[in-house]
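**Q** Take this structure first; my questions come after.
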Amino acid sequence: MSVLTCVIESMGSSCSRPHSLNEAEAAENAKSADIDRRILQETKAEQHIHKLLLLGAGESGKSTIFKQIKLLFQTGFDEAELRSYTSVIHANVYQTIKVLYDGAKELAQVEPDSSKYVLSPDNQEIGEKLSEVGAKLDYPLLNKETVEDVRKLWQDPAIQETYSRGSILQVPDCAQYFMNNLDRLAEVDYIPTKEDVLHARVRTNGVVEIQFSPLGESKRGGEVYRLYDVGGQRNERRKWIHLFEGVNAVIFCAAISEYDQMLFEDETKNRMMETKELFDWVLKQRCFEKTSFMLFLNKFDIFERKIQKVPLSVCEWFKDYQPTAPGKQEVEHAYEFVKKKFEELYFQSSKPDRVDRVFKIYRTTALDQKLVKKTFKLIDESMRRSREGA
């Protein structure tokens, strides 16, 4: 039923009432008027809340950004919330070791130098056992005995060789961090730290939201934002469209370190090419004609290490890249090249009447709390200036 229909029906019902109202009706009307006033006040308050939409492909680091917002600008995670991540973190360990063990077996069959992917007989037995556990839906909690098995497997030269080929195997970014902390994770009274939670890998299903101010909860007078995060995998994207109306800014996460990796849900599709196509599609949405765009070139920490070993040109989009001198100079040169590619895509995909909308690019590492805090303060300033100039 439309609002107009409701108003007309309400008017009709009012006209058919007797002119004399008893006290009960008068009291009820007063109560309704009070509710209407409250709703109006809440609506006005809502108008001061700026809607941010966090978009990006799967594994782009969106969820880590979302968790950082909770830590930085809200009260963070209480003990119950931290404890709830224990099973997730333990599952990450089992999933990682399964990917590596199964990957080693596969590489031993297809690689010319197959011997370097063959585990010792004892570790093969451990690998089979852990791979079986990693295939289950419910994972047992880690204990000292299990951790010892995981460590033996992780330290096997064949698994380390496989880990070095992680980009072709869907090895999660959190692998090294959790393997370095195995003993602590298996303690009986283990409570995940904030750092553990940030590294924990959980796919976003559906829509999650958080309200915050870059000035923090303790300070008044700052702008208030409501940030929506939706799953980045292909099967989750149909839910995006329902959130597109009334968006003040889109924050698009692009994992620049994934130029040599394939999608989790489609191992024939390069992740960077998927990100390019997705960014292009989002830019062309009609409802974003006047919406600000904030592009996070994320996972710079991984990109910085990888670019020294894996040429940027392995990605079709970057095939015209020409490297310079090795070292830090090469990292900056490669980053600027990627940044320029995204800038060109933005202007190619934006109609002439949209090019004056706010567009900013930020170099980000979702795990770096100081950098995320600084980035959101810059976003706040940029949006504030944009509103004042409107």
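Glycine too: its Cβ is placed from the backbone N, Cα and C atoms.
What TrEMBL records for this protein is below:
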BINDING   59-64, 198-204, 229-233, 298-301, A366  GTP binding site
BINDING   S63, T204  Mg(2+) binding site
**Q** Take the Cβ of G231 (GTP binding site) and count every other Cβ within 10 Å, whichever protein chain it belongs to.
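**A** The Cβ of G231 (GTP binding site) has 20 Cβ neighbours within 10 Å.
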**Q** Per 10 Å Cβ neighbour count, which of the binding-site residues K62, R201 ranks highest?
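**A** Per the Cβ count, the most surrounded site is K62.
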**Q** Cα distance, S63 (Mg(2+) binding site) to G231 (GTP binding site), nearest Å?
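**A** Their Cα atoms are separated by 9 Å.
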